[in-house]
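All remarks here apply to the structure that follows.
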Amino acid sequence: MSDYLQNDALRVFLFAFLVRVGGVMLTTLTDLNPDEGGDATGFANHAAAYASGELTIIHFFESFGGTYPTWGFVLSPFWVLPGPSRIYARLGIALIGAFAIYNVYLIVRQTVSRQAALFAVIPLTVFPSFVALQSVILRDAAMLACMTYAVRLLVVRDRWPTGPKYALVLLAIGFASLLRVENLPIYAVMAGTAAVIWGLSRRHYGAITVGGAILAIFAYFANAIAQWLDILRGHDSILEFLLFLRAARIREDGRTQYLTDVTLETPLDVALYAPRGAVYFLFAPLPWLAESAVDYLMVIESMVMIGFAIAGLSGFVRLWQRRPQLAGALLVGLMAAALFYGVISTNVGTSVRQRQVFSWIIFVFGGIGIADRYHVRVIWPWNRADSIVKSDSKREEPVAGD
């Protein structure tokens with residue numbers, strides 16, 4: 001990676017972090033952040049218990065994979081520091097969120113163009129929902145950072161040896177899966193898709209075999225694998241587990257629930273409902289769900305996301321022409337996540353939070369599509385000379401060989 005590209009990405013990282021520091025200040029000084037409280041308080045209590053010795057490493061391993069014990073253990077070093085531990089932890093999450101945006105910028109910059117990368121990261125940087133979630137001590141920012149880091153390692157050319165690079169990819173995906181094990185099959189399907197497409201494009205039959213085997217195993221033995229990983233939490237089938245999660249979400253009640261009157265009982269019910277649920281999961285709150293000023297602010301975000309999704313149709317084609325394995329894997333991952341969470345999600349707040357691990361893909365496709373159509377001169381205020389985006393992005397080739 002060239003020094004120029006690295007410095008460019010660091011500027012994006014710094015700006016994203018400063019925006020999130022503002023979010024941390026707002027969260028600390030006011031009650032405006034809807035993501036503060038609830039789970040965040042539970043994580044803070046567990047982190048404090050680990051730091052004080054009330055909970056030990058033995059408890060962590062005995063509860064391995066449990067939501068509160070696992071993430072609380074990760075956060076516990078902040079509670080060892082003197083002073084306002086929760087503020088330190090929020091700043092740490094802000095740093096992780098900025099790192100995720102840094103990864104996305106490099107992915108798009110390396111594969112398409114600088115302008116496409118800027119279009120992709122602008123909403124990720126400034127959308128209130130992203131800033132709010134990455135200003136509290138929830139685990140979603142870490143999952144997003146791990147996923148984008150794994151993709152970046154595979155896409156961006158650097159000086160990493162192949163062995164350590166793949167080890168880091170597995171470590172990142174493994175940690176993200178530990179934080180939310182339900183996403184592991186989605187990551188596996190993305191990896192299998194990328195391997196198959198790459199193998200077909202290079203006539204590499206080993207990659208085709210490995211990727212095809214991953215997809216076939218997860219398709220045929222999905223129920224057994226889910227049982228083995230304890231994803232189903234004691235339920236006998238994936239369908240039963242999905243219906244259990246959906247029923248639990250409905251029982252939570254809340255002002256921003258949607259589609260709770262839809263009854264799902266059979267596989268056909270789920271199959272017919274899944275596309276509708278996926279749309280709500282990705283783009284809620286839709287205008288007819290808004291009831292307050294904050295809701296309408298979120299509706300604006302949703303409308304922008306829909307615009308990016310429309311532009312993403314051409315953006316996907318452009319990325320497929322450059323990196324078909326990347327485009328295919330991202331599309332499959334987005335669709336799989338939307339269909340899975342679309343079935344179980346019935347609350348706007350939960351959907352907005354959980355989709356952020358995957359919704360960045362919409363902005364990647366959309367940013368590429370917009371850059372193909374509109375050519376904008378973007379000038380960094382601190383460095384006019386070397387920061388003008390080329391006016392014709394079709395002539396701007398991705399950085400390769402750095």
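Cβ from N, Cα, C; glycine included.
Whatever TrEMBL says is automated annotation, not expert-curated.
Sequence annotations record features per position, and here TrEMBL assigns transmembrane segment to 12-29 (among others).
Summarising the annotation, TrEMBL assigns transmembrane segment to 87-108 (among others).
Residues or ranges marked as transmembrane segment by TrEMBL: 115-131 (among others).
Taken from TrEMBL, the feature transmembrane segment covers 184-200 (among others). Nonlocal intrachain contacts for the transmembrane segment (184-200), taken as residues 6+ away from its ends with a CB within less than 8 angstroms of a stretch CB, comprise 147, 154, 173, 176-177, 206-215, 218, 222, 225-226, 229, 231, 324-326, 328-330, 332-333, 336-337, 340, 358.
Summarising the annotation, TrEMBL assigns transmembrane segment to 207-229 (among others).
The feature transmembrane segment is assigned by TrEMBL to 296-319 (among others).
Taken from TrEMBL, the feature transmembrane segment covers 326-345 (among others).
Look at TrEMBL and you will find 357-374 (among others) tagged as transmembrane segment.
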Within the same chain, where does the transmembrane segment (12-29) have neighbours whose Cβ lies under 8 angstroms from its own Cβ atoms, ignoring anything closer than 6 residues to its ends? I mean 6 or more beyond.
36, 87, 90-91, 93-95, 97-99, 101-102, 105, 118, 121, 124-126, 131-132, 134-136
May I ask which of the stretches 87-108, 296-319, 326-345 has the most CB pairs under 8 A with the transmembrane segment (357-374)?
296-319
Can you name the far-off residues of the same chain, 6+ from the ends of the transmembrane segment (326-345), with a Cβ under 8 Å from a Cβ of it?
107, 111, 151, 154-155, 182-183, 185-187, 189-191, 193-194, 197, 242, 245-246, 249, 264, 270, 273-282, 316, 319-320, 351, 354-355, 357-359, 361-362, 364-365
Long-range environment of the transmembrane segment (87-108) - Cβ separation under 8 angstroms, sequence gap at least 6:
1, 5, 8-10, 12-14, 16-17, 20-21, 23-24, 27-28, 44, 47, 75, 78-79, 81, 116-118, 120-121, 124-125, 130, 133-138, 141-142, 144-145, 148-149, 151-152, 155-156, 326, 360, 363-364, 367-368
